[in-house]
Ligand SMILES: O=P(O)(O)OP(=O)(O)OP(=O)(O)OC[C@H]1O[C@@H](n2cnc3c(O)ncnc32)[C@H](O)[C@@H]1O
Ligand SMILES: [Ca+2]
């Protein structure tokens, strides 16, 4: 080979090597570009209702944070599955509509490998019904209050992408119909082992405080509170329950067993009489009456929330979801100071029932009549129970969803059962995205310059050759 072609060969070799390196890096960096999805189904059989959640995630990225998303949710018509205790077959049948929706939403070839989890009170007929669908039924489990709190915490922190960053985490506040949970990373020592839970996620250790108060969900708290008022009224005749937590003009006949029909109010004596539930619409009296369901006089630890339960001082930001959100959002009270919230609520509670119904003709009257009680209960629980103050009230974010996914325990539960959050941090891409783009840019630039040089060299050598001929 002529010596003058040597530089050309070297240039061409350099270009070839450069192109090969670029191709290899692109392939490694963008490997799972085509998206195949996998699915999981979780049934949340709560005290007041059942919901079916469908989650999806790219098949190749199971161990990456922020990847699992809620694809679809379906609310089962009717009440919670426990209301079917006299007709257990009915509970399974009630799921039919939502499970058929799941069949539609999930591609058929994925059905056999899609896990279905039921978090609830085990009911054989419900399990039997779920087995008849093409999905991979994983069995039913009773979720403990502690798990409800902990999985709710995992869900909100997974969705907020807090778990792989050194930034702080978000505490979780869940208010259901029967129970309520508080979960957060405390600043001080956890004095009771029942309230402590440890996780290792993506290489970080988390030491959480969690507690679940059974009977302090909003439906049971209403019964507790009405039960206490009724006890002192039972002797009057005719029985009239004058209730400051319901609007003036509200008047509904009820039976005493309606209030005492749950294990939460079992200790109160049962009578078989009718009474008239009469609203007074007095917010401060309402709060006084609600305070009576929290026992703050006993505590064998350095500090307690209520009923003798240890609780460190609340710390950091909190996401408050389920009924915390439903109620505060309906009343437009999600972004005011504590003082303004109280003022607005006092005005709302004293609004005549007739006017409330007139303003909201489409809202279910059971919910509508209870918003004054529910919001007053929420304020009292957060302030007197959990010890939030006017200073840290703004740290509570009332949320329904993060991105497209609902806040609640179901996502955290599925992530845990499918081992989708590893204890150790998963492998990172070859280089961070920004670095990758910069690298590719300069490499492309280098190749262009080389090409230009080759062109110039050839151009020159051809002209020299032409001159030589002449
Ligand atoms: O966790 P548990 O205690 O088992 O209860 P749940 O799971 O059935 O409870 P939810 O979070 O679904 O609902 C909490 C409460 O909020 C009520 N609720 C649901 N939607 C509501 C709305 O739009 N307005 C007011 N209340 C609502 C519901 O009846 C319950 O009393
Ligand atoms: Ca719940």
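Placement of Cβ uses the backbone N, Cα and C atoms for every residue, glycine included.
Database features (TrEMBL):
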- 148: active site, proton acceptor (ACT_SITE)
- 177, 178, 179, 180, 181: ATP binding site (BINDING)
- 7-28: transmembrane segment (TRANSMEM)
- 433-458: transmembrane segment (TRANSMEM)
Cβ-Cβ distance under 8 Å to residue 178 (ATP binding site), same chain, at least six residues away: 46, 47, 48, 214, 215, 217, 219, 220, 264
Other C-beta atoms that fall within 10 angstroms of the C-beta of residue 148 (active site, proton acceptor): 26
Residues that sit under 8 angstroms from residue 181 (ATP binding site) by C-beta distance, when 6+ apart in the chain: 145, 148, 149, 152, 172, 173, 174, 210, 211, 212, 213
Candidate with sparsest Cβ neighbourhood (10 Å radius) among 179, 180, the listed binding-site residues: 179
Cβ-centroid neighbours of ATP site 177, 178, 179, 180, 181, 8 Å, sequence order: 47, 145, 148, 174, 175, 176, 212, 213, 214, 216, 217, 218, 220
Mapped DSSP class for residue 179 (ATP binding site), helix or strand or coil: strand
Contacting recorded positions, sequence order - 148, 177, 178, 179, 180 vs ligand 1, Cβ under 6 Å: 177, 178, 179
